[in-house]
Amino acid sequence: MEKLMTESGLKPVVIDSNQDLSRVYCGICSNIGDDDYDGDAVVVDGDLISTPFCSHKFCKACWSKYLKKNFFSVEKNHTAISCPDRDCRAAVGPETVEKLTVRDQAMYELYILKSYREKYLGWKLKLCPARGCNYVIEFHLASEDEEHSLNIVCLCGHIFCWRCMLESHRPVTCNNASDWLSRDLEKLIEEVDKPSTVSWIDANTKPCPHCFIPVEIDGERPWAQFLTCVCSGRFCWKCFRSPETHGTSGSCLAPARSSNVGFNHWNRAKPGISCLDLWNASQVNLVNAKYELEAFEESIIKKPSDLKEQDVKVLREGLMLIVQCRQFLKWSCAYDYIHTEYDMAKREYLRFLQQNASGIVHSFSQSIKEETEAKELTCGKLLSETTNIGNFFYHFIKTLREGLPEVQAESYDNYGGPYWLCDRCTYGNSWFQRACKMCCDPTASKMDELSD
């Protein structure tokens, strides 16, 4: 037992009989504890502090420097910090730190928290990533889901993913969420910010009917009726006929084709911009839901109402559920872009589910608003609606995780593996291709347009 206490830094105080007790010095800077020391008496002053397990005394300034060095300068954190004396292993505990300054006490508390987190890392302790939140969340994880996020609701109201620490991004995976925020979303925003480029191409070029490469109209010679492509093909930019079949009079034998030949299908093959619009609208709804929750919390704190504690709990849970639902609907837009961009049947079904879910959330929000303004709160009604909306979104999440199984995608097996069929052109694409190879190929799309 004595050996264990010694190794733990809990050995009893043993005063050296040869120690000169006529003067008390700081063991580091050698300053005397009392500035008024006259050399005639033993000085025992509060400025000199030791651990309960040894007699080595040090001034507050030296204690502060020593603890700061151990708190922030060591590579590996240890819960037990020993006495500053090199030959002493007495542990520095709260009994010693509470005699120091408030700043030192705060450093010690952070150090102990860090030590606890490192020691019990298997318990998965993490700080809430919300700005200004100091809550630490302890999550006992039995089995970790490798594919989908684990949503955590902090006491501050922030909802985040336990795996990647991003905001809760159900129903997409952590990798999908990271790609959406860092790559896909920026790409869609760039496409929206550059409408002039597409307009200029539509107004100043015509697709060659031979190779379908855009050919610029000669602005300096607008009377020039025939254009020459890099493939050596010549055609009329009004009716797309060759000089041989155009006619000798110079007039077009057929009405002019649309200037959007070859580009309409390309634009239709990029439906992600509509996902961006839905994403932005969902973000606005999410911000409003968070604002209503914060306003409710502030009103309860500043002006306590006549509502019972149970009523406040029901309203708070309802408002937090709305925030979670709005956040899920927001990230379902990313799911829309990632998983249904080229499967219009699934996209239409997903949009139907999103619209239905949004209507349910809006109706629930109105019910909470009406109950809040009413003189008497009907808890039974709100609890019933909370259960119903929770069940609806549970099945909604399950449906998206399973890949919208209600919509059967046509496919067939070939020697190269399974293929998916494009809804527009029925071309068989490999599952490794997110976009239809035929629709997104400029040559193929222009051939399809000319054949109409």
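The backbone N, Cα and C atoms fix where each Cβ goes, glycine too.
For CYS26 (Zn(2+) 1 binding site), the count of additional Cβ atoms within 10 Å of its Cβ stands at 21 [all protein chains shown]. Summarising the annotation, Swiss-Prot assigns Zn(2+) 1 binding site to CYS26, CYS29, CYS59, CYS62 and lists sequence analysis as the type of evidence.
Taken from Swiss-Prot, the feature Zn(2+) 2 binding site covers CYS54, HIS56, CYS83, CYS88. In the three-state DSSP scheme, HIS56 (Zn(2+) 2 binding site) is classed as coil.
The Cβ of CYS154 (Zn(2+) 3 binding site) has 16 other Cβ atoms within 10 Å, all protein chains considered. Marked as Zn(2+) 3 binding site by Swiss-Prot on the basis of sequence analysis: CYS128, CYS133, CYS154, CYS156.
Sequence annotations record features per position, and here Swiss-Prot assigns Zn(2+) 4 binding site to CYS161, CYS164, HIS169, CYS174 based on sequence analysis. The Cβ neighbour count for HIS169 (Zn(2+) 4 binding site), using a 10 Å radius and every protein chain shown, is 27.
As annotated by Swiss-Prot, Zn(2+) 5 binding site applies to CYS208, CYS211, CYS229, CYS231, with the evidence given as sequence analysis. If you draw a 10 Å sphere around the CB of CYS231 (Zn(2+) 5 binding site), it holds 12 other CB atoms from the protein chains shown.
Per Swiss-Prot, Zn(2+) 6 binding site is recorded for CYS236, CYS239, HIS246, CYS252, and the stated evidence type is sequence analysis. The DSSP secondary structure for HIS246 (Zn(2+) 6 binding site) is helix.
Annotation source Swiss-Prot lists region 'TRIAD supradomain' at 22-256.
The zinc finger feature in Swiss-Prot is assigned to 26-88 (among others). Across the residues of the zinc finger (26-88), the predicted structure has a mean pLDDT of 70.
Residues annotated as zinc finger in Swiss-Prot, with sequence analysis given as evidence: 106-174 (among others).
Sequence annotations record features per position, and here Swiss-Prot assigns zinc finger to 208-239 (among others) based on sequence analysis.
Residues or ranges marked as zinc finger in Swiss-Prot: 414-445 (among others).
Each of the binding-site residues CYS29, CYS128, CYS164, CYS174 was scored by the number of other CB atoms within 10 A of its CB, and the lowest score belongs to CYS29. Within 10 Å of the C-beta of CYS236 (Zn(2+) 6 binding site) there are 24 other C-beta atoms, taking all protein chains into account. Secondary structure from DSSP puts CYS62 (Zn(2+) 1 binding site) in a helix. A straight line from the CA of CYS133 (Zn(2+) 3 binding site) to the CA of CYS83 (Zn(2+) 2 binding site) spans 34 Å.
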